[in-house]
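J.: Straight out of TrEMBL:
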type	residues	note
REGION	69-95	region 'Disordered'
REGION	144-204	region 'Leucine repeat I (LRI)'
REGION	223-288	region 'VHIID'
MOTIF	254-258	motif 'VHIID'
REGION	304-336	region 'Leucine repeat II (LRII)'
REGION	443-517	region 'SAW'
Amino acid sequence: MSSAGLYYQPSQEFEPYCLPQFQLPHQLCYNGSVQATSQFPFEISSEQYCTLESSSPNAIFSTYNFSPSGSPISQQDSQSHPPDTYGSPLSSSCVTDDANDIRHKLRELETAMLGPDSDNLMNIEGESPEMDCLRKIMEAISRADLKQVLVACAKAVSENDHLIAQWLIDELRHMVSVSGEPIQRLGAYMLEGLVARLSSSGSSICNALRCKEPASADLLSYMHILYEVCPYLKFGYMSANGAIAEAMKDENRVHIVDFQIGQGSQWVSLIQAFAARPGGPPHIRITAIDDSTSAYARGGGLNIVGKRLSKLAESFKVPFEFHAAAINGCEVQVGDLGIRAGEEALAVNFAFMLHHMPDESVDTENHRDRLLRMVKGLSPKVVTLVEQEANTNTAPFFPRFLETLDYYTAMFESIDVTLQRDHKERINIEQHCLAKDVVNVIACEGRERVERLELLGKWRSRFVMAGFTQCPLSSLVNATIKTLLENYCKQYRLQVRDGALYLGWMNRDLVASCAWK
C-alpha cells in the first residue's frame, strides 16, 4: 500500500446516489506475491480516441493518445509539451496558486458564459450562484482533487453544459494517468467514458476496446491475476460451491447448469470435494452455457472446458459427463439444458452473469426475469447467485456515474494494495479486464449498455417474484473463507447479512453471494 491516505473512503462531499474463471485448489492461500503467467512485455495502447477540444465553443473534435505515463493528451499537446510525472503540461492548465488570478479567471469565465450583464446576477454577498459553482470547481482543480473534478465534469455532461464539460475534460487530461495513483488510473477510464458519451461514440469505443484485446492466452493470464489479487471475486465462487456441495451431500446423481462457464475452473475444487465425500462421489453432469467473450478468452470452444474437467474427474475417479450449450444467455430455452427430470438433482449457477441480461427497462421480453422463472420451473434443489454489489441498471446517468466512481475506486485501491504499482502487467489487467466495463456503464445507453448491476436487495425481489425461497449458505464454508481472508490485507472484509455473504473493501460491499431453492 502506498499510503494510508489511499485507502478507500466513501465520499462525504456528494450524495451517494465476466468472466473467465480460475482454479481454486484446496490449499488456496495468498503468499503475498503474484506471478503473471504471461511473459509478454507491457505496452500501453496507442489506440486513438475522440475527445472534445476544450478551447472550442463549437465542440470541435480532436484525437488523443495515452502518453507514456498513461495520461490522455491531445495530439497538439503531445507535440508542444513534454509530459511530467503524470503527463501534465502544466503551462496549458488554468490551475494557479494565486488567489487573485483564480478570481480573475472566474470572472472571465463567468462573463463568457453569462454575458457582459452578469453583474446583474450577483447575490447579496457579491457573488452569483454560477460564480460560486465555478469557484468550487476551480478550487478543486487547484488542489488537484481529481474525484471532485470528475464529478463536476459528469454533472456538466448530465446537464448538457458542453462549455463546462469541454473545459473540465481538458483539465482532466492533465490529471489522470493509467500508471498513477488508484484514482488517477480509474479517472483515465472514466474520462474515456465521459468523452465517448459526449461524442455519442460509447459503443464505438467499447468495440474498439474489444478489438484491441490481447491474444487469448494473455487475456486469460490477466483475468487469472485479477481474481487472484481480488479475493472478493474468487471467494464469491467458493461460497457458491459450498452451497451446492451442502445441497447435494446425499445425492447420487448431480446435474449442474452453469450459465457462464468461462474456463470451468470454478468446478475444479467442487469435483475434488465430491471425490472426498464419505460414501463415494456422486455422478456429476455439467451443462455449460457459453458466449463469444468467454470463448475468445479461452482460445476455443467449450470442448476445451469439457476435456479439462473430464480429465480432472477421471483422475479423482468421479463419474462425469459434460454437455455443451454454445448459446447466449438471452436465447437459452429449457430444451437447451438437457434436463433429466427425476433422474438427477439439479443445481443452477448464476455467477457474474445475470446482470448482463436485459430487464424490463430495456426489453419487453425481460430476459432477466424470464430466466429465473424458467429455472424455477425446473424444480432445482439449489440455485446460486454471485453478483457485484452495485446499482448501475436503471439509475439515471449522474447517480450512475457516482456509483461507478464509488465502486471502482474501492476496487482499484484494493488492487493497489495487493499488486505493486510497477508490476509490468497491472496496467494490462486494469485496461483489459475493467476499463471496458467502466466505459460501458458511463458512455452507453439502451441495449448497448450491457453492464447493468443491481444490488442484492433487487435480486432478492426478483428471485422471490419468480417463486424462490432463500436458503442459508454453508457456515463451514463461510468460516473457511473468513480464515483465508486473514491472509490478505486487513482492509478486505466479509460479512454475513440476511443469509447472504458480502465481500468487500473497507466500507464498500463489492460482491454478494446467496443461495435459493
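Heads up, the Cβ atoms here are built off N, Cα and C, so glycines get one too.
Situate these features within the shown structure.
T.: Per DSSP, the region 'VHIID' (223-288) is made up of 34 helix, 12 strand, 20 coil.
Restricting the average to the motif 'VHIID' (254-258) gives a pLDDT of 97.
Remote same-chain partners of the region 'Leucine repeat II (LRII)' (304-336), defined as residues 6 or more beyond its termini with a Cβ less than 8 Å from a stretch Cβ, comprise 259-261, 263-264, 267-268, 271-272, 274-275, 281-291, 295, 298, 353, 356-358, 367, 371, 374, 377-378.
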J.: What parts of the chain pack near the motif 'VHIID' (254-258), using Cβ distances under 8 Å and only residues at least 6 beyond its ends?
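T.: Non-local partners: 244, 248, 264, 266-267, 274, 282-289, 337, 339-340, 344-349, 351, 375.
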